[in-house]
Each structure stands twice: as structure tokens, then as C-alpha cells.
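Feature annotations, reproduced from TrEMBL:
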type	residues	note
BINDING	A:66, A:130	Mg(2+) binding site
SITE	A:100	site 'Interaction with target DNA'
DNA sequence: GCGACAG
DNA sequence: ATCTTGTCGC
């Protein structure tokens, strides 16, 4: 798929200040409102195998993206779904030039992910990333950064909270429960995007819970680009199928491990 | 100086 | 993220 805004692509050799500055420019360009180009209700698993809805529009293509690692190389995996059907899987192995630094994840994994996305024959209507979108110090997490570069609607699904504060305690909640993640002092207001105590950056969302002991932590869902926080949770809910992680992410995760085996000596 | 932090 | 055995439950 094509990079509509390549000027935001993470380049190697930037200073920390330059990376943070680029993130602010990304956040200014990001749209945290619905501009999907498709009906969110048409995104679901268990959609009939036919590729067309009653209205004549195509069922949206949803891509799940995840990484695995081999020494100092990243393996980025992308799985594209139409309903519950896998229509394409691609992966790329890329040298890493940065360590993991909280807040700068897109500079470590962004390049590898773009390499994988470039191999796609199908153009996804929605990108689902493993990590944060707007829930980020400069409101430009991985999902936002890559969503803006591709100018495709995107969502961030993280397994832990980078910053911000949940409205309510998140422990032991039932499936389907969700509560806003509000901006706090760690979050900067950027461009037209405020970061007051009322600003909803995303949601904690309980996708799965068991009747028994081990309490499952919620997911932290946030808008990447061209989607509202409320819609992002709705979409992730629609993409959930019996497991904690939404299906696109779960399949990309499994594919990243599967493909990794082919490169291990 | 202290705290706190996606993958 | 990654390193890893057993164990509990549907």
C-alpha cells in the first residue's frame, strides 16, 4: 500500500528532540473523529463469505499488525481480514536501529511495519496496531503515526496503559465493560487536540473475562487516525472473537511467531 | 531528585 | 518484546 504522507515516516538518526517534534507534527495532522469511508457496523467477524453487503458496498478489509523479534531485527506481520476470512498475509524482516524507548515506539517499529505494509496487494480500509494511538504523551503513538503516514483509518490496541487515567478502577470488570482514559499531566496538548482532564484519549475495554480466578486485564483502545474513541472501542468489540485480543491482532501475532521460525538458525 | 512509561 | 514448566478450566 502507498504512503500518502511519507514526510512523517520515521528516519534513522534523528535526535530525541527531533523525534518528539515529528510526533507533534503527526498529532497536529491526526484526525480523532470518524472519517472512515465505510460503515462501522459493516465491520464484524462472522460476516458471510460474500464480499458484498446488501447495499452493494464491499465488506471493509481490516489489517492486524504485530511484531516478533530476532536478535536486532524485527519481523513485522500483517494479516488482512474480510469478515472472518483471511485474504492476505505478508511479513518483512528489517534491521532495528533503536532500542525500545517508552514514547518512541513508532521510531523503533515504524520502519519495519511500513516495509511489511508495502508488500500488501490489498489496500486495507482499517489498520489495527498493537500499541497506543492517541493514548500517548504527545498524542501520537504508533497507531496514530502510521495511520497518518498511510492516511488510513487506524486504531491502537495496547495490553497496558502508557499514560492517562481511567475514570474508574479497571480490575475484575465484566466483558463489554469500558471506561474513558482521560488525559493527565503527562499528556501534552498538541495543535487542535487539547489535553485537559476532560479529554478522552481512549478507553479501557474488557474484551474477555472468565468466571474463575485469574482476572484478565482490560485492553487499552485508542484512536489512531480518522476514527473517534467511541467508534474505536465499538470496532474492537466487533472484531473480538472469544479471545482477549481482537481477531486481526491475534492472527497477526500468531503469524509473526510462525514466520519467525523460518529465520531462526 | 523522584516517579513512570506501549512493545 | 523475550526467556519458559506446569497447571487450571472449558
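Quick reminder: no glycine exception, Cβ is built from N, Cα and C everywhere.
Fewest Cβ neighbours within 10 Å among the binding-site residues A:66, A:130: this applies to A:130. The local packing around residue A:100 (site 'Interaction with target DNA'), expressed as other Cβ atoms within 10 Å of its Cβ over all shown chains, amounts to 10. Here the CA atom of residue A:100 (site 'Interaction with target DNA') lies 14 Å from the CA atom of residue A:130 (Mg(2+) binding site). A straight line from the CA of residue A:100 (site 'Interaction with target DNA') to the CA of residue A:66 (Mg(2+) binding site) spans 15 Å.
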